[in-house]
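Before any comments, here is the structure.
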Amino acid sequence: MNSVAENFTDYVVADLALAGWGRKEIRIAETEMPGLMAIREEFAVVQPLKGARITGSLHMTIQTAVLIETLTALGAEVRWASCNIFSTQDHAAAAIAASGVPVFAVKGESLADYWDYTHRIFEWRDGGYSNMILDDGGDATLLLHLGARAEKDVSVLAKPGSEEERVLFAAIRAKLASDPTWYSVRLAAIRGVTEETTTGVHRLYQMFERGELKFPAINVNDSVTKSKFDNLYGCRESLVDGIKRATDVMVAGKVAVVCGYGDVGKGSAQALRALSAQVWVTEIDPICALQAAMEGYRVVTMDYAAEHADIFVTCTGNYHVIRHDHMARMKDQAIVCNIGHFDNEIDVASIEGYEWEEIKPQVDHVIFPDGKRIILLAKGRLVNLGCATGHPSYVMSSSFANQTIAQIELFTRTADYPVGVYTLPKHLDEKVARLQLKKLNAQLTELRPDQAAYIGVPVEGPYKSAHYRY
């Protein structure tokens, strides 16, 4: 399908003519996403999301297209935007628009466009409102909460701390000028949010602790079949894909620094070591640092690594992990990139005044006053999505199966979830894993009743306690 009905104009994509290509890749992805497709089949007749109006803010990729079409197959209406200005796959967005789903996503969109699109996914053509949010990084959730606060006290928009906040605050001011209750009305209609990633989850917990969160949230990120698979195994494949596509660098023999040794850092370090890099790790947490050391990685500080390493990867979820003084001391042609959700892990703002030379889209030389150049990938945003196509379909099937289950759970059992941040129960985590195993022809051992009694668990599971660390 390369065109939409003449009266359907509720979308913004780069080129609708790419829809045919996108549809072909979606069909391939479906064969690699067993968990998500099994859930689509299981609930197709019941239609548990009938009546759900979902605002989706998540990378508009081929894999996300399969998620969107699963949600609609289960009865939901959906409006979608990407959660990152560089992560959209234009052919995926075109295919979704051609199917009649409102989508607003263009690879390389401006910050102004980004926040415009994030507003538009809350605006339904019939004047109705979204009742669910599916978020990645928390921007859709943030927009409604911050906007509602600004309705009461516009001074919350007085001091932007970054260029992105400046653009966001301006967008909120403009919307309030035309509709003073735009945010609070939409905020009140939301039943809940399901959050995809570590950074967004941190935001939710902070909002809840401050008493600011206005609806329940399910923390999808901390489902085992998300964080221990998407974050680790997904990054293990997609990080080096992005670095290689961007630079064609020979990784073997280089010193590569991984900043942060959580699940994303673990996968990133494994990937770089598999290509025979000398991998160093920076960490603040002594437990994670000890894990890195026991895996054979050298644990150092950024202050030490800055002038010695060849490749730098941030994956901490923190702020200014690589500062200006670090970059000023780096080698000529050092490669600097980020695989954490937001672009502020690297202090890109501090080097914006220098000369930039675009090598190709999302690959820039930043030229320092002394003539030294570093290679900055995706302008400090997600390198695997900015410079490549993100995680493989198979691992995203686990994450998106969790998202779909979480949407069903919150939408159909809203009364069971007072305002707070929740995780999915263990038996649903195990269900996703079972569905995924089928694709790999794995043979799962069945627990005998006497064995189950011996260790005190049901034959059918769940098999681990809630606090078990995988």
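The backbone N, Cα and C atoms fix where each Cβ goes, and this holds for glycine too.
These features come from Swiss-Prot:
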BINDING   Thr61, Asp136, Glu196, Lys226, Asp230  substrate binding site
BINDING   197-199, Asn231, 260-265, Glu283, Asn318, 339-341, Asn384  NAD(+) binding site
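Features as recorded by Swiss-Prot, highlighted on the structure.
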residue : record                 : Cβ contacts under 8 Å, 6 or more apart
Thr61   : substrate binding site : Ser87, Thr88, Gln89, Ala92, Leu385, Thr389, Gly390
Asp136  : substrate binding site : Ser57, Leu58, His59, Cys83, Glu195, Glu196, Thr197, Gly200, His341
Lys226  : substrate binding site : Glu196, Val220, Ser398, Ser399, Asn402
Asp230  : substrate binding site : His391, Val395, Met396, Ser398, Ser399
Gly260  : NAD(+) binding site    : Thr282, Glu283, Cys288, Thr314, Cys315, Thr316, Gly317, Asn318, Val321, Gly340
Gly262  : NAD(+) binding site    : Thr198, Asn231, Cys288, Cys315, Thr316, Gly317
Val264  : NAD(+) binding site    : Thr198, Asn231, Leu232, Cys235, Cys315, Ile339, Gly340
Just name the most isolated of the binding-site residues Thr197, Thr199, going by other Cβ atoms within 10 Å of its Cβ. Thr199
Once the chains shown are all counted, how many other Cβ atoms turn up within 10 Å of the Cβ of Ile339 (NAD(+) binding site)? 30
Among Glu196, Glu283, the most crowded of the binding-site residues [Cβ within 10 Å]: Glu196
Around the Cβ of His341 (NAD(+) binding site), other Cβ atoms found within 10 Å total 24
